[in-house]
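What TrEMBL says about this protein:
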| type | residues | note |
| --- | --- | --- |
| DOMAIN | 13-114 | domain 'Prepilin type IV endopeptidase peptidase' |
| TRANSMEM | 35-54 | transmembrane segment |
| TRANSMEM | 61-81 | transmembrane segment |
| TRANSMEM | 101-122 | transmembrane segment |
Amino acid sequence: MADFVIAGLILTVLPLALAVAAISDLFTMIIPNRVSAVIVIAFLLLAPLSGLAWSAIGMNIVAGLIVFSVCFALFAFNIMGGGDAKLMTAAALWFGFDHSLLVFLVAIAFVGGGLTLLFLFLRAQAFTVMAMGIPLPASVVSEKKIPYAIAIAIGGFLSFQDAPIVGLAMQMLS
């Protein structure tokens, strides 16, 4: 029973938190700090319970620190928002320092590129789109920034199954 609960939490916490962050970012251009905090705390509590080796947990933390360093530099140069940097760092903990982190980051890059092009198009055509009766959030119409948590969330969804902790959760269920 305990394994079922632990596996269920592993399989739901990160995707749900990423979805909350994406929706919040789309409509408010704000990613609540508590979302990133939940992702970090859940990983730190669930990783040892999942059977993830302490050395692997350490490497996941290293991955998070590396992602934080890069994101902090991007934030310092006003290329990335602070909420996006915290969300990517928190999510990177779940992927660790192996191929799953690379899959996660590449997925974010591709989805983010497509998302940026979509937002640029929608902003250029906002009045036409709204005249057709299609409502657009303020982040699409009036903001100059891109709600990048959407790309982070989709990248997370696309690469989630590659995370080592997810593999362990699936083993717990079998």
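Here the Cβ of each residue, glycine as well, is placed from N, Cα and C on the backbone.
TrEMBL labels come from automatic prediction, so no person has curated them.
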Counts of helix, strand and coil residues, the domain 'Prepilin type IV endopeptidase peptidase' (13-114), according to DSSP: 87 helix, 0 strand, 15 coil
PLDDT averaged over the residues of the domain 'Prepilin type IV endopeptidase peptidase' (13-114): 97
